[in-house]
Amino acid sequence: MGKSVVILGAQWGDEGKGKIVDLLTDRVKYVVRYQGGHNAGHTLIINGEKTVLRLIPSGMLHPNVTCLIGNGVVVSPEALMKEMGELESRGIKVRERLLISEACPLILPYHVAMDHAREAALGKKAIGTTGRGIGPAYEDKVARRGLRVGDLFNKEAFAEKLKNILEYYNFQLVNYYKVEPVDYQKTLDDVMAIADVITGMVADITTILDTARKNGEHILFEGAQGTMLDIDHGTYPYVTSSNTTAGGVATGSGFGPRNLDYVLGIIKAYCTRVGGGPFTTELFDDVGAEIARKGNEFGAVTGRPRRCGWFDAVAIRRAIQLNSISGFCMTKLDVLDGFDEVKICVAYKMPNGEIVEYAPLAAKDWEGVEPIYETLPGWKENTFRITDVNKLPQNCINYIKRIEEVTGVPIDILSTGPDRVETMILREPFAA
């Protein structure tokens, strides 16, 4: 019987989802992206070769897998063609194995221009977007003025819609933000030059998935960013513009929610965050700097340094609630090697003295929050590339077990290095 498994970030993104998607892809027929855009950098290291995929599902490196981009994904034609070109130059057949929903909103140059203009205007209060036009494209979707992949089939109608929407954007860019307008003809010409390639990959994603389920095929849904960046449930307004939680699978692909069998939450052995927003366990000392150095904590897309802190079970409990997480995959366990002690945040002390075990929702409610830590003995032994759980140091095993206890969710997969072979599968998600 076929299983449908969701892989998503249970923290603030950058948890190592790409590697785990790639690891489990040899079990499946389809890998599906259901939200986000090319703001998500999924890094894969296979036999020492590094690949960063931003828009195309990570399953593309497996020749027998079909990759689907669902309606919840915002698609930049330029970014898509660039990524396709990079993969095809390595002999990977993309357009024969990539299918796209016609309902995907398009990201066009005016979205990027607006993204940059807004962040510049906000100055120090900037949200910290990737500047790739993701938010403005989602805005257009909700406002029902956006252009979609399906609009590329009718080039005359597309040109007229583009003209109208550019008038709307250029008025704001010029008169409010005092920046240069976006050129209509260049935008139109650039999109039309690649329109036929994109429309050639359009398919009914919902029907494909439903048929696969009925035929007993395994399906893997690949999330982007992380739970605490969800537009509705994250640390608003320091969030992304899509639903990064498991509910986004149904709305972003058209796959019925009752058909999901297992949700794998990816967690680092510590926490990181990029950009602004609350981060209760953030470390500003030498320990934080050492975690960042050992973990090579720089964004795959932006290159920005990530903020680092101890493992936050309070935020994770909220992620468990929001996603119905079946099991965890813990990544970067080896980064904690060598520390005298390691800490787990088990509760928050609110400004009024109240002790809470679940993270607040809005960013404003995190102000003045203090972490309450449990301190455990660290381990000096090297766990890098260990693939036998029985060979892990006892203090490391104790740390893992304690995280399972304070969260109530089993750790089903352990990752001890960037390559997909440097992994221990303790419970198989597709057999759970």
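Yeah, the Cβs are placed from backbone N, Cα and C, and that goes for glycine too.
Features as listed in Swiss-Prot:
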- Asp14: active site, proton acceptor (ACT_SITE)
- His42: active site, proton donor (ACT_SITE)
- 13-19, 41-43, Arg306, 332-334, 415-417: GTP binding site (BINDING)
- Asp14, Glu15, Gly16, Lys17, Asn39, Ala40, Gly41, His42, Thr130, Arg144, Gln225, Thr240, Arg304: IMP binding site (BINDING)
- Asp14, Gly41: Mg(2+) binding site (BINDING)
- Ala300, Val301, Thr302, Gly303, Arg304, Pro305, Arg306: substrate binding site (BINDING)
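Shown here: features listed in Swiss-Prot, placed on the structure.
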residue	record	contacts (Cβ under 8 Å, 6+ apart)
Gly16	GTP binding site	Ile266, Lys268, Cys329, Thr331, Lys332, Ser415
Arg304	IMP binding site	Val274, Gly275, Phe298
Pro305	substrate binding site	Ala292, Glu297, Phe298, Gly299
Arg306	substrate binding site	Asp14, Thr272, Arg273, Val274, Ala292, Glu297, Phe298, Gly299
Leu333	GTP binding site	Ala269, Thr383, Cys396, Ile400, Leu414, Ser415, Thr416
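A separation of roughly 14 Å, to the nearest angstrom, links the Cα atoms of Gln225 (IMP binding site) and Lys19 (GTP binding site). The local packing around Gly13 (GTP binding site), expressed as other Cβ atoms within 10 Å of its Cβ over all shown chains, amounts to 27.
Among the binding-site residues listed here, namely Gly13, Lys19, Thr43, Gly303, Gly303 has its C-alpha nearest to that of Thr130 (IMP binding site). In this structure, of the binding-site residues Thr43, Gln225, the smallest number of CB atoms within 10 A of the CB marks Thr43. Among the binding-site residues Asn39, Gly41, Gly303, not one has its Cα within 10 Å of the Cα of Lys19 (GTP binding site).
On the backbone, the CA of Asn39 (IMP binding site) and the CA of Gly13 (GTP binding site) stand 11 Å apart. Distance between Cα atoms for Gly303 (substrate binding site) and Thr43 (GTP binding site): 13 Å, as a whole number.
Taking CA atoms as the reference points, Gly41 (IMP binding site) and Gly13 (GTP binding site) are 10 Å apart. Classification of Leu333 (GTP binding site) by DSSP places it within a helix.
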